[in-house]
Every structure is written in structure tokens, then in C-alpha cells.
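**Student:** For reference, Swiss-Prot lists these features for the protein:
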SIGNAL    1-18  signal peptide
DOMAIN    28-83  domain 'Sushi 1'
DISULFID  CYS49-CYS81  disulfide bond
DOMAIN    85-142  domain 'Sushi 2'
DISULFID  CYS106-CYS140  disulfide bond
DOMAIN    157-399  domain 'Peptidase S1'
CARBOHYD  ASN286  N-linked glycosylation site
DISULFID  CYS304-CYS335  disulfide bond
REGION    313-318  region 'Interaction with CD163'
CARBOHYD  ASN316  N-linked glycosylation site
DISULFID  CYS346-CYS376  disulfide bond
Amino acid sequence: MSALQAVVTLLLCGQLLAVETGSEAAAGSCPKAPEIANGHVEYSVRYQCDKYYKLRAGNGVYTFNNKQWINKDIGLQLPECEEDVSCPEPPKIKNGYVEYSVRYQCKTYYKLRTCGDGVYTFNSKKQWINKNVGQQLPECEAVCGKPKHPVDQTQRIIGGSLDAKGSLPWQAKMVSHHNLISGATLINERWLLTTAKNLYLGHTSDKKAKDITPTLRLYVGKNQLVEVEKVVLHPDHSKVDIGLIKLREKVPVNDKVMPICLPSKDYVAVDRVGYVSGWGRNENFNFTGHLKYVMLPVADQDKCVKHYEGNNAPKNKTATSPVGVQPILNENTFCVGLSKYQEDTCYGDAGSAFVVHDQEDDTWYAAGILSFDKSCAVAEYGVYVKVTSILDWVRKTIANN
């Protein structure tokens, strides 16, 4: 019977009598049980596994019924023995004792949130204790800014490169009222950043956030539709073009879906390069349906302001915006120029992140969120909301919601 041996048992009015017969067992090999008043005899066998093996399913007891051996859990199916990987009792030592411990580990693309190491020891009070956090159980949170296939930084969304490998897994696509497409950026398993203008696409300015929410469709990864629970607009969104989107459920993090890290320092410096992705219009002003990305440099802010002279420029500026639309330019924004191939972002890319790679910790961070996506290689600069300027509001909003 391989790892199985059988035990013949007689069930007598609820009392179990067993006769071990080694590897063979049959009801006929036992002496006939005496009859009793108001009761009857049932014959059964119990399969047991060899040492270091255990039953995969069922309790191993089979009753003979209608000329068939039946198990109450798995019916006519014979039991199987599998290797028992549970720990045996360790040997004792003189002048010492055994201490049991376990280690909690997170799945791929997740990490321990708590400061402990995940190791818990079973103490004399029958409690599992971690030396750092006591009885508090560890929590696993999503890894951010660590794509499995990062962008090839030697390559160079007007033009741009196709993101076929999921190199920017924080990029989401938002479809608003009247099927207007824009971008959003995943910052944890349940929250995304986008622009306030994106949230108002197809709506009048008097619309409330709760009325906007049901009109949004949001896609992450390979066109995975996720349900929006609510949107939160920045309290000063006319000057800080930002909003937050909360999902109804956490998204599973994998090689196609991963949040971008929020920065702990300012990565905005002139000529520093970063990457922007999106589903915006291409050089023919058509929506391609393919996620593309482009490498762009941070630009000089004074030159950018001069380029877009108008309502937001100093009083001595007189020229008008080259694209006929005035971007928001203030202490909360920064400008990004064209690539050396004259590539740029365009309509539909707003809400996407300007991400930079920190070589010290090999992690990608969101330095900015694209606000002004109408340059389309006609103007020289795109305009981004600086993420460090909104960090306090983002963290407070998430904590309160």
C-alpha cells in the first residue's frame, strides 16, 4: 500500500475496537463480533500513512456499505499520503530549552511595512512575540518604484518609444465624460494622482466631486478595469492642478501593476532627465491606443515663464503663449523641455508622472505630475505640478479617507 497501512476496526454501538493487521486488512480476517440487542455491527478499515507522511484528505476511515468501502469525506476515492513537512519535536539538551519561532515573509512585489524583521518567538505565556513590535502582527505593503523591466535609459509622446514590457507599471488610463482620455498615476495599492483638469474633463466647473466619480473609468496594467470609489480635489486646485482618486478595492501588485514611489527629496534640477508615459495623441494628433514613453529634461523655470508670457508672467512680460493657452506657472510647478529628438507630451498625457531614477537606492520616484499637456512639440515646454509641494496634502488626504 505504499505509504499506507490498514487497521481493521469494529464499530460497536459507538465504541471503536481496533485490530492492526499490518499492510493487509479485510473484514473476513477478524473474528465475528457478537450480536447485541437493539444494535448492529459495522465493519470499517482505517488507512494510515507511514512515518513522515500524512493523509492528503479525509480521515482514512472507510465503512463497508453495499459491498463498497466508503469514506464520509471523499466517498469511493482512495486516500493518498503526502510528505509531512511539519516540524518534528526537537531533541532536548542539558541545562537548556527549546524556543519556537516563525518568520513572516511577504509575497513577491510586497514588503514588510512594520519595523520588525518578521520573526516571532513563542514565549512561556503562549504568545507569539516580535522583539521590535511585540504582539503586533506584521503587514505587507506593495513595493513601489521597482519595475521588473525598467526602461532602457539609452533610448529616447509625440514620437517616443512603445512600452511593450511594462516598464512604467504605475501608469493608468482614465476615460472621462464623453470618452475623453487622460492619464493617472498609481501611488499605492488604492490611490492615484491625476490633475484637477482631468477630473473636470467634459464637466462644468460647478460639478461636485461626488458627481464626477461615477463618470470615470480607470484602467491599470493591461487594460484592467478598476472601480473608482471617490475623487478628492486639491482645495486650491485652480492654482495647484491636482486631484486624488481612491479605488473601491486594492489592486494586486505584479510586474504589470506597481505604484511609483513618492519622493523624500526634491529631484527637480535643471537638465535632470526623467521619463513620462501616456496614451496621448501622437505626431498626427491621433490617439494610438498604445502606451508610449519619452525621456525629457527639466528646463530653466525663468526661460519657461518667459516663453509662456501672459497672465502668470511678471508684469513686464508682454508676449502671448505660443499655443494660445496659458499654463499654470507658480512655485508649485516646474517646466520640462523637449527631447533631443524634438519629442514631447501631448493632449491626453496630463496626469502622468515625470519619473526619475535614483541610482543610490535603484528606485524610481515621481518628481512631477503633468498638468499642461498642450505643448505637443509646438511650444518648447511642458508644465508639471511638483510632487514635493503636495506631499503633505496627499498623505493627510489618504490618512483621512
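Backbone N, Cα and C define each Cβ position, glycine as well.
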**Student:** If you count other C-beta atoms within 10 angstroms, which of the disulfide-bonded residues CYS106, CYS140, CYS304, CYS335, CYS346 is the most crowded?
**Tutor:** CYS335
**Student:** Rounded to the nearest angstrom, how far is the Cα of CYS81 (disulfide bond) from the Cα of CYS106 (disulfide bond)?
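**Tutor:** Here the two Cα atoms are 29 Å apart.
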**Student:** Quick check: of the disulfide-bonded residues listed here (CYS140, CYS304, CYS335, CYS346), which one has the Cα closest to that of CYS49 (disulfide bond)?
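**Tutor:** Of all the candidates listed, CYS140 is nearest in space.
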**Student:** Which of the three DSSP states, helix, strand or coil, fits CYS81 (disulfide bond)?
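**Tutor:** Once the DSSP labels are grouped into three classes, CYS81 (disulfide bond) ends up as strand.
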**Student:** If I take the Cα of CYS81 (disulfide bond) as reference, which of the disulfide-bonded residues CYS304, CYS335, CYS346 has the closest Cα?
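**Tutor:** Result for CYS81 (disulfide bond): the nearest of the disulfide-bonded residues is CYS346.
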**Student:** For CYS49 (disulfide bond), just give me the three-state DSSP call.
**Tutor:** strand
**Student:** Under a three-state reduction of DSSP output, how is CYS106 (disulfide bond) classified: helix, strand, or coil?
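**Tutor:** Looking at the DSSP assignment, CYS106 (disulfide bond) belongs to neither helix nor strand, so coil.
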**Student:** Give the distance between the Cα atoms of CYS346 (disulfide bond) and CYS335 (disulfide bond), rounded to the nearest whole Å.
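**Tutor:** The separation of the Cα atoms works out to 14 Å.
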**Student:** Please report the Cα separation of CYS140 (disulfide bond) and CYS335 (disulfide bond) in Å, rounded to an integer.
**Tutor:** 36
**Student:** Roughly where does the region 'Interaction with CD163' (313-318) sit in mean pLDDT, to the nearest integer?
**Tutor:** 39
